[in-house]
């Protein structure tokens, strides 16, 4: 025992003697035993039957409610996903939820917008038009960049565009028309040059294709051609205040005036089981409505015989069609039927000729990632551009892909990549303008670019861009800058704005011409926007399936 331990024991003994002299009981120096704890049985954490994927055998009813108030139908509680229509099968208009009377009325509306072959006798055609309108009215009654010096051309064009889009606003009584039920992905105007009849359609996330026939009181029409020609006359009805007013219709309108509100002519059909990614009604063939969908199909509706959506393409291995483009190829088989180009999520692009047996598909791997847009050059038929999430825009020469259409039994060859343009962010769209000398692109690096395309060299030679917030996020359709499709119209494009408005820019100077907004009535982002092919009119769609017309 060492000295320290001896000293410790002596101190303990002295302390105990002191406690005894004081009449206190000395404490025991031995340590107490630790109490034993009985182990509790732990039960596993409860997981709900829904997470485990098990249907309940019995639903508790503690409050003794009637059975129909507390039982849950697990078979129908979730949104049912429509099964893709088998290849070769048509989708009838009657397959939707519209009543027979509404379908009958839509067929009359569709035939009004169908364009027949011109006849020599003009009087007969006028009589047919009058009888068609009267028939409709009878059935309708039953449903009581950087700063730089602008050139003179740019200054003049900006001035013209400002006059055209001046006082543009929503004229219809309800600012948001529910044309579909889910988020709108695509919109198209019918290219009818008649200002008395406007038809617009939109496709949504669940495969719905909605149509809306506008009343004459829902919009006004500016004579933009007179403004372009240097005339300041605005074509409207005469009124004492010399203000723009809704254009009167030649046909009788039994609905209530727009100032008091009326029920819009809306029709809904279901040509696709998934998202309608694109709608196209070509000016060269205005009777045909082409639609593409995420279900891997492309369908066509003939407005002159509106009975069903006929399938012209069905992809099996890569079923998600993200975009579609129509090309009226001036080759051996020149006709009113276009080549139908498409893109997919795997980076494949291709086309089909609907007149070929079994709709043969000519395709090639254009990108390694998803292709969101494809655009053919309207002036150079063998040139097209693709936009991808790999942050590039690529320009292609596809003459070798098209050669089998002109030369029989020739082996199909791959396209030639002419340029690979890096944009720095995922590119959502790339569209050639009607003249084929400019390419407008939209990307997630928050810029909108206009690339100058030299048709002689078949290459992009210049780039102008502007800053624009394109971060639409998950719940909005991606922004796409779209040109006015009329080559006689001053160069301009339209794109959505995150501040609940619509932007119009000059395609030549990149200057903002107008910012369309209606703060009191438009509370959402109009993400999808498109020009009317012949008029100074814009259709805007939002994430709620609603559409607005600016005129």
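Residue 1 is the first one shown; counting continues down the chain.
Here the Cβ of each residue, glycine as well, is placed from N, Cα and C on the backbone.
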Statement: For TrEMBL, the entry region 'Disordered' belongs, out of 90-116, 117-143, 144-170, to 117-143
Query: Pick from 3-24, 25-46: which range has region 'Disordered' per TrEMBL?
result: 25-46
- prompt: Per TrEMBL, which of 201-231, 232-262 is region 'Disordered'?
  reply: 232-262
- request: Mind tallying the repeat 'WD' (364-399) by DSSP state, helix then strand then coil?
  value: 1 helix, 20 strand, 15 coil
